[in-house]
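Participant: Once you've had a glance at the structure underneath, I'll fire off some questions.
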Amino acid sequence: MATSSLALRFFFLSVIFGEIVHGCVITISNNCNYMVTACSQTGQENIDQWDLSAGTSQAIDLGTACSWPSAVVYASVTGQCAVTGTPYAATDRNLANLAEFTIPGSGNQDFYDLSNVNAYTIPMSINAPTGCDSITCSISDISSFCQPNNVLQTQPTGALSCVNTDGTAGLGPTAGTRQFKAACPQAYSYNFDDATSTFTCPTGSDYEVVFCP
């Protein structure tokens, strides 16, 4: 009995003084009224895939190290995140808009952003804790939005992607990238669009990536 009592007291003291630490958590939520194939990759590691029904979510626990460097979350437009037999090679990341994270970044800060540098296919947001910026990018009608020089692609699944033809070209702002910036001012529209598109929050924070916010 005495041993149990001491253990219980130690547990509560540990909680009070912060010695029990929970990992940082990224939650991917599907608020769309259809299934979304969610993809996640850290660096060049194998790609994770979850088929999220409408209204469901998936949690990624980063552990007490809170480490998730060069990580991305996106929706597959083909329904398959990785190339068959090559689990680290993406099938269609170049056709998707991305939620990007560097956890931790420098100065005990996380860096996060939304990117339309490759393309746009689905409304997306990153919800951050109180005191940090939550960001969103939502284009209601891709067909009307996607004007030359950007290219509208229709996938066999029926998904639409507006490909940002100048986003990765190193050209800086162009007529095409300005279309994306006007629609989603908080998101990257080309490679070096950092000043208005990168956000920070203290390392140790939890985040939610939402499809169809």
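The backbone N, Cα and C atoms fix where each Cβ goes, glycine too.
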Participant: Between Cys81, Cys162, Cys184, Cys201, work out which one TrEMBL annotates as bonded to Cys137 by a disulfide.
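Facilitator: It is Cys184, per the disulfide annotation in TrEMBL.
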Participant: Per TrEMBL, which of Cys66, Cys81, Cys162, Cys201 is disulfide-bonded to Cys132?
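Facilitator: Answer per the record: Cys201.
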Participant: Looking at the disulfide bonds in TrEMBL, identify which of Cys24, Cys32 pairs up with Cys212.
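Facilitator: Answer per TrEMBL: Cys32.
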Participant: Could you measure between Cys184 (disulfide bond) and Cys212 (disulfide bond) for me? Cα positions, answer in whole angstrom.
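Facilitator: That separation, Cα to Cα, works out to 14 Å.
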Participant: Any idea what DSSP makes of Cys184 (disulfide bond), helix, strand or coil?
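Facilitator: It is coil.
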Participant: Rounded to the nearest Å, what's the C-alpha distance separating Cys212 (disulfide bond) and Cys137 (disulfide bond)? Just drop the number here, would you?
Facilitator: 9
Participant: Cβ neighbours within 10 Å, counted over all protein chains: which one of the disulfide-bonded residues Cys132, Cys184 has the most?
Facilitator: Cys184
Participant: Quick one: pull the CA-CA distance for Cys137 (disulfide bond) versus Cys32 (disulfide bond), whole Å only.
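Facilitator: Cα of Cys137 (disulfide bond) to Cα of Cys32 (disulfide bond) measures 14 Å after rounding.
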